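S.K.: As listed in TrEMBL for this protein:
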| type | residues | note |
| --- | --- | --- |
| COMPBIAS | A:21-30 | compositional bias 'Basic residues' |
| DOMAIN | A:38-114 | domain 'TECR-like N-terminal' |
| DOMAIN | A:189-342 | domain '3-oxo-5-alpha-steroid 4-dehydrogenase C-terminal' |
| REGION | A:7-30 | region 'Disordered' |
| TRANSMEM | A:119-141 | transmembrane segment |
| TRANSMEM | A:230-249 | transmembrane segment |
| TRANSMEM | A:290-315 | transmembrane segment |
Amino acid sequence: MDILALEAKSQNGAEAEKKPTPKPKPKAPKKAKRIVYFEVEILDLKTKEKLLLLDKVEPTATVLDIKSLFHKSYPKWYPARQSLRLDPKAKCLRDEEVLQTLPVGTTASFYFSDLGPQLTWGTVFLAECVGPLVLYLMFYFRLPFIYSPKYDFTSSKHWVVHLACMCHSFHYIKRVLETLFVHRISHGTMPLRNIFKNCGYYWCSAAWMAYYINHPLYTTPHYGQQQVNAGLYIFLFCQVGNFSIHIALRNLKAQGSKVKKIPYPTKNPFTWIFWLVSCPNYTYELGSWIGFTVMTQCVPVAFFTIVAFVQMTVWAKGKHRSYLKEFRDYPTLRSSILPFIL
Amino acid sequence: MSAAAQGTSKAAHGDVAPKKKKGPGALATAYLVIYNVVMTAGWLVIAVGLVRAYLARGSYHGLYYSIEKPLKFFQTGALLEILHCAVGIVPSSVVLTGFQVMSRVFLTWAVTHSVREVQSEDSVLLFVTAWTVTEIIRYSFYTFSLLNHLPYLIKWARYTFFIVLYPMGVSGELLTIYAALPYVQKTGLYSITLPNKYNFSFDYYSFLILVMISYIPLFPQLYFHMMRQRKKVLGHTDDYSKVE
């Protein structure tokens, strides 16, 4: 038995699958199989100092298991905060990676770096959306210290202002509900400082827009009711479209499944845009904000729309590229965000 | 002033032992040499113009008018440096360079040019002098670096003069903006009030005050960055200067 164990140790643990007849061994409390246990050494990325040595690690352990073990010794660093690499210059290892498939010998060295306090994406999304929702309403109801005191708690006499409030609120309530019930967020966490950055941007933009739309001196759109209606229809159309896409993406794969699939148009006409675009959720989002801009005729809204367009284009292009890389038969007609253009 | 920090990455890159980093091609290098020579010459023209005007008038006041045109031309020309970074022939960050050049251009056009009343202020001379000396040294530094014949004197000057020129330039700029404030408020320059069909408002006066406040966090960062660069690039002078 011992000789066999030695032979197995010199190979790459591929022998772990073989199961000899289980015999109680008087030796160390191992299972009576020829499993080659790994020894895992965790070093600090910057100082190369040895932080932890784990022996008797199962070869089928994942990177996440190792992170959990590391967390036990260092309670401050929960797994989401850990970044483990095989080499200081290499990329971070994914949690799903299995120890025995990694290019390491039976003694594996990982370099650890602290990603800082983490928040789940869900948490960040909610904070990003609840802020604008509440802030806009504060301006809509003209709470004190925003406008001149004589306007406190007054209501605008323009119908479009009320409509804009309904649309804006609807948009963010929809987002909150989608974050809670529709989206399947595959990424785990993001660094804490991101929430300040993201929320700062969303909240300040919302406040800036809301200030002007709900201002006592607000000027209604130049082309009157026609313009407002046009903006409203575009907005509503794109909101429904955006929602349809989110549902379609959710139905693409089962919960927890890691299999990536190409999204295709479904029976819902709003999803037919998938023929032309990889990320129609961004297309519809852009459309919604264009509708809102037309409806309110407000430069800060236009500004926000342009910035959102730039950001979403960056995201869409990234997503489009990863689709192209992942799937050889990816439809060639599709652009990333704007049909035929971008 | 802040342009002193500009291209420090480039300087560090030029001074450290040649890494396997591919620099600009021969054509780009030739163009950059010409660009930097032209800029050096331009700022020398401004320097000479200042001196001549001073000698002619016999006083420090109102020298801005004598160098107004070359100042505008060459300072605005620095916008090309953003393009250089964007295209990649200069290894600096586009954002950082953009920020620094825009702050100069802002002061030249949106403050000094736009508010006529501040043009006779002494604070203008303060920052123009600081800019002139800084830029002459900086552009000659780049020229020599590109030609791989950097005299130590120029390197030393680039990393030493800023100690005085930087605060000098910042003071001149802040005083000029401050002097412009009452005129901006009175005339409502570059400001738009409600109601209007764009449903937008902008108060240039408040904006200028915000700009002034922004110097507080920004200036120390840039200044100490240059100090650190100085230690790194001129490092050994510290050893000699340590006299027990």
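From the backbone N, Cα and C atoms, a Cβ is placed for every residue, glycine too.
In the displayed structure, how are the listed features positioned relative to their neighbours?
M.R.: Within its own chain, the transmembrane segment (A:230-249) has Cβ neighbours under 8 Å at 163, 167, 170-171, 174, 178, 182-183, 221, 263, 266, 268, 270-271, 273-274, 280-281, 283-288, 290-296, counting only residues six or more beyond its boundaries.
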S.K.: Can you break down the domain 'TECR-like N-terminal' (A:38-114) into helix, strand and coil residue counts using DSSP?
M.R.: 17 helix, 29 strand, 31 coil
S.K.: How about long-range neighbours of the transmembrane segment (A:119-141): same chain, 6 or more residues beyond its ends, C-beta under 8 Å?
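M.R.: Tertiary neighbours of the transmembrane segment (A:119-141) are 153, 161, 165, 168-169, 172-173, 175-176, 179-180, 183, 185, 187-192, 194-195, 198-199, 202-203, 205-207, 209-211, 213-214.
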